[in-house]
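**Q** Structure in C-alpha cells, see below.
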Amino acid sequence: MAGIRVTEVDWQWLRNGAAHHTQEYPSPELVVRRGQMFTLVLELNYPLDNRETLIFTVETGPQASEALHTKAVFQTTELEVRDAWTAVKEAQMENTVTVSLTSPPDAIIGRYLLSARVSSRRKHSNRKLGEFVLLFNPWCPEDDVFLASEDERQEYVLNDNGIIFRGVEKHIQAQGWNFGQFEEDILNICLSILDRSPSYQDDPATDVSCRHDPIYVTRIISAMVNSNNDRGVVQGQWQGKYGGGTSPLHWRGSVAILHKWFKGRFKPVKYGQCWVFAGVMCTVLRCLGIATRVVSNFNSAHDTDRNLSVDKYVDSFGRTLEDLTEDSMWNFHVWNESWFARQDLGPSYNGWQVLDATPQEESEGVFRCGPASVTAIREGDVHLAHDGPFVFAEVNADYVTWLWNEDESRERVYSDTKKIGRCISTKAVGSDSRVDITGLYKYPEGSRKERQVYSKAVRKLFSVEASGRRARVRRIGGRGVWRDDLLEPTTKPSITGKFKVLEPPVLGHDLKLALCLTNLTSRAQRIRVNLSGATILYTRRPVAEILHESHTVRLGPEEEKKIPIKISYSQYKEDLTEDKKILLAAMCLVTKGDKLLVEKDITLEDFITIKCSQPRAPGESLGPVQ
C-alpha cells in the first residue's frame, strides 16, 4: 500500500478571512495575521491512523532556516503553544482532517510556503500545499502592533480612503486620498517593496529574518517609498517643473503610483512631494497590518544643522538669502504615524511613532526618518532612536531671523519665534473632520513646561550645562558662527506690525492688503519700511520677485498707520506656481535701531461660478471650490 499523503487543501478563505479581517484582500493566496489561529481542511488519500500525526513546515524567504526563524517544523498536538508555530487537529472524518495552525505573535511577516507530511513517512516526502501571506496583527494583544480600540483599528488599518490636510495655518484645506490597500496586486507590490530594498539585496536571509520587528520594517519602508538611495517608489521634485511626469498636485491616491512603479520594473514614479510620500507609505503600512495615519504639520521646520533652531538670513528687504539660509520653514509638511511598541526604548515610548518618507535629511546614510516616538518628542528626549532631533525641530524649533549686512556682520531681527509647529492635524476616527493633535507633540506654546522641554532637548543634543546656553549654529564664509543665549527671545521692538488682507485673495484678481504699524511708545518714531513679495512653493522657496518698494513712515505716540499695498494680477500671473502661494515681507527699520520683520503667506483661491437654470431654494448658496 502506498504511503498516506495530502491530496487536497481547503484554505477556508471565507472563514479565515472574516476571523483575520483580511477578506478584502483579492490575493490568490490566503492572507492571515500573526499570533492568531487559522483553519485548513486537508484531504488525504487514506484515513490517518491514531498513532500518526501531520508534520508541517513553514518557510519564508531564501535560504530559510530554523536558526533565523524563517523556517519552522511542527506537528499536530492537542494544545496550542503561544510562542511557537503550532498545529492542532480539530476533527477527522475518514480521509478529511481539520487542523488549526497558529503562528507566534512575533512571527516574521511575508509570503510563506506551507508543506506537510505524515509522521510515518520520510522527510523527503514533504508535499507542498501552497503559499499564504502572514501580516502584522493589531487585533492580537501579544503583537507589538496591537491597538486596543476597535474603532481605531477600523480607521487606521482597514479604511482604504482618507483625508490629507494641506495649505497654510490660517487656511487649512482637505484633500481626499485613496489608499487602496485592498486593490488588485497592492499586497503583492507592498511585499515586493521589502524585497527591492538594499538591505534585502545585500543579505536577503538576514533581512527577511528581521521582518518580525515593526521598527525594522517601517524604517525600510520609509527609505523605499522615496527613490533617493535606491530604486524606490516615488521621485521627489520641488522645483515646480514636472516635465516627463505627473505633478504631485494631480495624484489622488496611491494605487496608480504603486502599479506604475511595479509594472515599470521598479522605475521611480515621477513626481511626489510630502503628501504623496505620506499617502503611499500609509497604503503600504496599512496593507502590511500596521495601524498608520497621515499627519500634517503647519509651519514645519526643516533644520539641516541639528541645532533645534531655524536660522533664516535676510537682506534689508526681508528677502531670504538662499546661499546662507540652509534651514527652512515649509508652509506645511506631511508625514505618517504608526502605532507599535518600542521594545528598544521601553514601554513609556510605546504608541504613535513618527515616520517620514520625504527625502529631507539622511539617517544613518539613507534618506529616511523614524520611527521617532511622539512621546519622546513631547518630552524632549531627542537622544532616543530614531531621528529625534529632526522631528523635534519640525514641530518645536525656534524661528530666528538674522539681518545680514553688506559687511558680513549680522543682527538678530525680532520675529515670532513661536510660529513653528502649528495646527498639527490628522483625520478624525470615523469621520472626515480634522483633529488637532498638536498637544501630543508639545506642551502649550510659550508655557513654562514647553520652554523646559526645549531647554532639555538642547542640553540632550549639545550636552551643555543647564546654565550654559552656548551652541554652534553653523559655519558661514569659512568661519564658525556661534549664538549665545540660544533659549532667550530677543527684546521686543518698540513697534508692532502685521499684514491685513483687505479683500479675499482670488486667482485672476489684484491683491489688496495693508501693512498695519503701531507705535508702542509715547514718543514719535520714524520707520523705514522695505517691502518685498515673491511667488513661492509650499516649501517657501521663492520663485520670482513681484514686489519691491520702500516707504518712510512717521508714527506719533501710540499711533497706528496703514500702508496700502496693491499687487496687480499682471504682476504675479506669469510666476505663480501650481501651489498658488505668495510670500510678503516687510523689514521695518526704526531710526533708533529696532528692527522688525513682518511676513505673510497668501494662498490664492480658485472660484468657480455656476449658473443655475432654476432659482435656488432658500438657504442654498454657492461658494469657493477648494
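Here the Cβ of each residue, glycine as well, is placed from N, Cα and C on the backbone.
Just so you know, TrEMBL annotations never went through curation; they're auto-generated.
Residues or ranges marked as active site in TrEMBL: Cys274, His333, Asp356. Annotation source TrEMBL lists Ca(2+) binding site at Asn396, Asp398, Glu445, Glu450. Feature annotation from TrEMBL assigns domain 'Transglutaminase-like' to 266-359.
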**Q** Would you find the one among the recorded positions Asp356, Asp398, Glu445, Glu450 whose Cβ has the most company, meaning other Cβ atoms within 10 Å?
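**A** That would be Asp356, with the most Cβ atoms nearby.
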**Q** Summarise the model confidence on the domain 'Transglutaminase-like' (266-359) as a single mean pLDDT, whole number.
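**A** Value for the domain 'Transglutaminase-like' (266-359), mean pLDDT as a whole number: 96.
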**Q** Can you break down the domain 'Transglutaminase-like' (266-359) into helix, strand and coil residue counts using DSSP?
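**A** Summed by class, the stretch gives 18 helix, 41 strand, 35 coil.
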**Q** Would you mind reading off the Cα separation of Asn396 (Ca(2+) binding site) from His333 (active site), to the nearest angstrom?
**A** 14
**Q** Could you check which of these recorded positions, His333, Asp356, Glu450, sit within 10 Å of Cys274 (active site), going Cα to Cα?
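**A** So far as Cα distances go, the recorded positions lying within 10 Å of Cys274 (active site) are His333, Asp356.
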**Q** Long-range neighbours only, meaning 6 or more apart in sequence with Cβ under 8 Å: which ones does His333 (active site) have?
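**A** Set apart from His333 (active site) by at least 6 residues yet with Cβ under 8 Å, we have Cys274, Ser296, Asn297, Ser300, His302, Thr358, Glu394.
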**Q** Give me the count of other Cβ atoms within 10 A of the Cβ belonging to Asn396 (Ca(2+) binding site).
**A** 24
**Q** Near the Cβ of Cys274 (active site), how many other Cβ atoms are there if near means within 10 Å?
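**A** Taking every protein chain into account, the count is 27.
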